[in-house]
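Everything below concerns the one structure shown next.
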Amino acid sequence: MENTEVVVEKNSRQCGIGLCRLTACQKFADIRIFLAVMCVAGGIQAAFAGYSASLNTTLEKRFSIGSFLIGTINACFEIGYIIAAINVTHFAAKAHVPRCLSFGFLIISFGAFLVAFLHFIMPSTEPTSMLSNYSSNTKYIVFLYLGQFCIGVGSSPILTLAPTFIDSHVHSSKSPPMIAALYSTSALGPVFGFALGTVALNLHENLIDNHSGLKPHDARWIGAWWFGYFFLGAFLTICAFIMFSFPLRLRTETG
């Protein structure tokens, strides 16, 4: 029984996944490394807000829907965030914070891939029928609703669990600047999202096969709206696996 408790205690402070806990990896069981990963992941998560906002006009054309539906789709993020926040704060005291964050990242990635997947299952765009043939595409908007909802659910732990986890591992004098760094990168995320949206929307929806001959300045142009979701989701998936390897307790920073 004592040996089991020793193993559990040891694993709770070691980096790794399952039985794979290499000695060389243990130097990464540090709150500063945790903060660095969180800053990257937080920036990516926040980038979804800027990226989604940059797509509004394109999605209206691609799915032949109005601004009201676009607004309700974006509202699904807030709904998912609030629902998850209530549950996250309730169970936070007993949670394995790095793993909760990792699952949150994966949920965001799932939502992003769900939206990006639409590109591969929807009929291709035809510039000559921009206004007439898109009505059949409205049945696909459920993927947009679910995707935004998942992104909202997964985003909740980032700004609720991460700051308290950092605060519990550092001296009171070091906690404010570290938490400020986390919030700062999250604040810069939408800027990166808008920039990514600009790049993506200047690419053709099919990236390579632009048989229409249209240019980005043409009113009938549909950019690669889905690409950013795939790009951000892929990077956040990498962050999820890194975060999952962090132990329950990290080395603390004293004053």
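Glycine too: its Cβ is placed from the backbone N, Cα and C atoms.
Where the annotation comes from TrEMBL, it is an automatic prediction and has not been curated.
Worth saying up front: this structure is predicted, and the values here are computed from it rather than measured.
Packing against the transmembrane segment (31-53) from elsewhere in the chain are residues 74, 77, 98, 101, 105, 108, 112, 148, 151, 154-155, 158-159, 162, 165-166, 169-170, 178, 181-182, 185-197, 200, 228-229, 232, 235-236, 239-240, 242-243, 246, 250-253: each is 6 or more residues past its ends and has a CB under 8 Å from a CB in it. If you look up TrEMBL, you'll see 31-53 (among others) marked as transmembrane segment.
For the transmembrane segment (65-88), same-chain residues at least 6 beyond its ends with a Cβ under 8 Å from one of its own Cβ atoms are 49, 52-53, 56, 59, 95, 100, 138, 141, 144-146, 148-157, 160-161. According to TrEMBL, the feature transmembrane segment maps to 65-88 (among others).
According to TrEMBL, the transmembrane segment annotation covers 100-122 (among others).
Annotation source TrEMBL lists transmembrane segment at 142-166 (among others).
Here TrEMBL flags 178-203 (among others) as transmembrane segment. Panel annotation: around the transmembrane segment (178-203), residues 31, 35, 38-40, 42-55, 58, 158-159, 162-163, 166-167, 170, 216, 223-225, 227-228, 231-232 of the same chain, lying at least six beyond its termini, place a Cβ under 8 Å from a Cβ of the stretch.
According to TrEMBL, the transmembrane segment annotation covers 223-246 (among others).
With a cut-off of 8 Å between Cβ atoms, the residues of this chain six or more beyond the transmembrane segment (223-246) that come close are 15-17, 25, 28-29, 34, 37-38, 40-41, 44-45, 47-48, 51, 55, 58-59, 62, 98-99, 101-103, 105-106, 108-113, 115-116, 118-119, 147, 193, 196-197, 200-207, 216.
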